[in-house]
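Working notes for the structure below.
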Amino acid sequence: MGCIKSKEDKGPSIKYRTEPKPDPGSQYGADPTQATQSPGIKGPAPNFNSHSMTPFGGSSGITPFGGASSIFSPTPVPYPGGLTGGVTVFVALYDYEARTTEDLSFRKGERFQIINNTEGDWWEARSIATGKTGYIPSNYVAPADSIQAEEWYFGKMGRKDAERLLLNPGNQRGTFLVRESETTKGAYSLSIRDWDEVRGDNVKHYKIRKLDNGGYYITTRAQFESLQKLVKHYSEHADGLCYRLTTVCPSVKPQTQGLAKDAWEIPRESLRLDVKLGQGCFGEVWIGTWNGTTKVAIKTLKPGTMMPEAFLQEAQIMKKLRHDKLVPLYAVVSEEPIYIVTEYMIKGSLLDFLKEGNGKYLKLPQLVDMAAQIADGMAYIERMNYIHRDLRAANILVGDNLVCKIADFGLARLIEDNEYTARQGAKFPIKWTAPEAALYGRFTIKSDVWSFGILLTELVAKGRVPYPGMVNREVLEQVERGYRMPCPQRCPESLHELMKLCWKKDPDERPTFEYIQSFLEDYFTATEPQYQPGDNL
């Protein structure tokens, strides 16, 4: 959200079609049945039509087992079992430093009795070690002695996010994790970092199925009483897998849901503005500190930018949008000047990262992966029937390991500035806006798709302003006449074809974000398998 500072021939017409996603089975390694018989338990032949759900798996709203890519449901569901009586023991998955006098500090491995879990995001707990009572973030703990408490269990994580984590620099061959299967209810996936001369570093995925009697197996000849025993076995022998399990994949400590219990509308005095990061037409962005304890990003809005009542109403919706590719909204100061408090992303905006940071050295695979992450977040916004309205590189934030998160979703609708609401002048992002939205104010998820196509040009051209050499009015006129930006220099034509799909005149002919995400995640296997890095891309 902010103002825009700004001062090529038609491609061939192609028809958009929804192509089927790749066969999920093709994502998994071959069934490793060729090795010798290995120890395990015997059980009846598996019934593939009867996969019972684990009590903490599936679509359970609370995802306490972390990992860099746990997706949090907007409506957390309490764990089953009599937690209010404090009979279920939970264990800490990460260290946590108290932010308020009501919080408990704790270390990874510390055990708790849960006193009250009705609040969802923050539970009242008693430390078994110290006897102290206070609030703890519910996504930092898991039931003791459960699969969720295992370091190698990453819960609800997609194939692509598993690959991103495992392929991070520093991980060796054999680094692994276990996650819920995306395609088979009640099953799991074992993801292992591998290496071969043809593909170099890559990740193999093996489906772990569940037996009717409660056992687990990758291949029917080696069955195990528990996932723990399965992992132990394959840590000792590859036994048909691509490589022996060597090291648990390092996880990233997840963001808490909110700053603390009941810390939503916060007093301005609880925030300290430390370092100014940027300034726009409608306000400033700062690194700040909340309550003297917690580093945050703070967006300060100029008085009159938006009505406080309307903002607070929209913010209530925004804080319920929870996805690992969306910047979480932590808290607000709802009186003017409005402050918006969010997660601090260390690499700043994608636009600055591409132009002035290490982003200018990125090759096509990294750029396409960043685009896939953004499409992942937008596919969630699409599923939630929400609209961003201002999707561009300036509103994407970058963290460590090229993690991308979408910021400022929904805020553009609330801006009261006359020049902005008239959709003309320097403050309105004409070059990113679909013609039906710019001309008639028809903002939909399909106008966001148009904007995503423009964002793709920013990625490939390393932050170059769209429609170079053209002013806003000229862009609007030319686009209405059918002009579309040509293929950026050294950009594969297949990626330009995706851009042109996003720029279809009829919004209904533009692809869904679900399709775009799938296309980009499988880009180098399905669309450009022969890609070789060049001097630029």
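Cβ from N, Cα, C; glycine included.
For Asp390, the entry in Swiss-Prot reads active site, proton acceptor, with the evidence type sequence analysis. Summarising the annotation, Swiss-Prot assigns ATP binding site to Leu277, Gly278, Gln279, Gly280, Cys281, Phe282, Gly283, Glu284, Val285, Lys299. The compositional bias 'Basic and acidic residues' annotation in Swiss-Prot covers 1-22. Taken from Swiss-Prot, the feature domain 'SH2' applies to 152-249, supported by sequence analysis. The domain 'Protein kinase' annotation in Swiss-Prot covers 271-524 and rests on sequence analysis. Annotation source Swiss-Prot lists N-myristoyl glycine at Gly2, citing similarity to another entry. The annotation S-palmitoyl cysteine is assigned in Swiss-Prot to Cys3 on the grounds of similarity to another entry. For Tyr420, Tyr531, the entry in Swiss-Prot reads phosphotyrosine, with the evidence type similarity to another entry. Residues or ranges marked as region 'Disordered' in Swiss-Prot: 1-60.
Binding residues for ATP (Leu277, Gly278, Gln279, Gly280, Cys281, Phe282, Gly283, Glu284, Val285, Lys299) extend across at most 14 Å, taking the greatest CA-CA distance. Note: the domain 'SH2' (152-249) comprises 18 helix, 33 strand, 47 coil (DSSP; helix = H, G, I, strand = E, B).
In the structure as shown, the Cβ atom of Gly283 (ATP binding site) sits within 10 Å of 21 other Cβ atoms.
For the domain 'Protein kinase' (271-524), the predicted model reports an average pLDDT of 91. A C-beta separation below 8 Å, combined with a sequence spacing of at least six in one chain, links Gln279 (ATP binding site) to Val285.
Residues near Leu277 (ATP binding site) in space but far in sequence (CB under 8 A, at least 6 apart, same chain), listed by position: Val285, Trp286, Ile287, Ala297, Gly348. Comparing the Cα of Tyr531 (phosphotyrosine) with the Cα of every entry in Cys281, Gly283, Asp390, these being the recorded positions, the smallest distance points to Asp390.
Other Cβ atoms within 10 Å of the Cβ of Cys281 (ATP binding site), summed over all protein chains shown, number 19. On the backbone, the CA of Asp390 (active site, proton acceptor) and the CA of Cys281 (ATP binding site) stand 14 Å apart. Of all Cβ atoms in the protein chains displayed, 21 besides its own lie within 10 Å of the Cβ of Val285 (ATP binding site). Working note on the recorded positions Asp390, Tyr531: by count of other C-beta atoms within 10 Å of each C-beta, Asp390 ranks first.
According to DSSP, Gln279 (ATP binding site) is assigned to a strand segment.
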